[in-house]
Amino acid sequence: MGNKQKKRLKKKRKRNKQIEKDLQKEEEELNEQIKILVLGTGDSGKSTLIKQLQIAYRNGFSERDLKRYKTAIRCNLVLHMKGLVSASLESNLEFDSDNEDYVEEITELQPPSSDSLEPVTVKMIKSLWSDSTIQEVFERRHEFGIPDTANFFFDAIDRISEENYEPTEEDILNCRIPTTGVIHLTFEKQNNPWLVVDVGGQRSERRKWMDQFDDVNLLIYVVSLSEYNQNLYEEDNVNRLEESLAVFQKTLNNNYFKKKNCVILFNKLDLFKEKLKKYPFSKSFPKYKGANDPDKIMEWVRKLFLKKVSSKRKIRHLYTIATDTNIIKQLFTSIEEIIH
């Protein structure tokens, strides 16, 4: 064997050793990584939780993200107003005479194809938003699938429609874009590598949960407390909180997740407490016989969920407001303590 060939073999062996070393290092890092799977039904607040982590540990959002949210926010302004007008017409409610033409126009209007809002569209939405009929229907938004945060954007339409508008963190946290597929977020917290995975909560997305994530350290199951009097988009005679309960039972009793640690996040606490003032809990859940008191209802709901799994399992629970950055930071400090 010649010297040149010997040198080539030596280089090849050296390169192979380096590859093996890199692969070993990568495997060790993966083993050290804290893996969390975030589960829950649609609109529970899972995606807001992921956004909060991106703000806290990934320096916020990229230019591409901002552009995507800008388009979504402006489209949602049109879609949500169309939804409110449609619900008003279905309820045979009358509009102010000044808005009658706008009602017809918004019904025919398509969401903006770009991220711009025409001045005439802004004027129309502002006028309709001030209409007493639209305000009345918004109070009943849970009947029509209108998001709780729609008023946040209607009230800010002047700012949102400005030519140089850029979504704020608060805008992004309140913006609803349904999760499809699987979203991975990696970050470091106190020198520990984390991987948080969010999967779509709509029924069509849930089939992707079960067999993909058997190596996670922790399950976070997000429940929207404020949905106690709302029904599903996909099946409008199914209560959302009942659906969340059924999915929780099916998920945690699945063979893939039977031995996994779990934290239930009872989310949207602020909206839940506010809604109770107008809509008694027992009207949607007749089996509840207690007072219309938030703390007593929260305890009743907590027990309802825990009954769906073995009493031997240690299931932690926390009450959260996913749009509150400080609460979410405290939450992940608590989760870190649970894991370790």
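Glycine is treated like the rest: Cβ placed from N, Cα and C.
Annotated in TrEMBL:
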type	residues	note
BINDING	SER47, THR179	Mg(2+) binding site
BINDING	173-179, 198-202, 267-270, ALA322	GTP binding site
COMPBIAS	1-16	compositional bias 'Basic residues'
REGION	1-23	region 'Disordered'
Where ARG176 (GTP binding site) falls in three-state DSSP terms: coil
Neighbour tally for ASN267 (GTP binding site), based on other Cβ positions within 10 Å of its Cβ: 26
Cβ neighbour count (within 10 Å, all chains shown) around LEU173 (GTP binding site): 22
Euclidean distance between Cα atoms of SER47 (Mg(2+) binding site) and ARG176 (GTP binding site), Å: 9
All-chain count of other Cβ atoms within 10 Å of SER47 (Mg(2+) binding site): 24
Rounded distance in angstrom between the Cα atoms of THR179 (Mg(2+) binding site) and ASN267 (GTP binding site): 17
Alpha-carbon distance [SER47 (Mg(2+) binding site); ASN267 (GTP binding site)] in Å: 12
In the chain carrying ASP270 (GTP binding site), residues 6 or more apart in sequence that have Cβ under 8 angstroms from it: ILE321
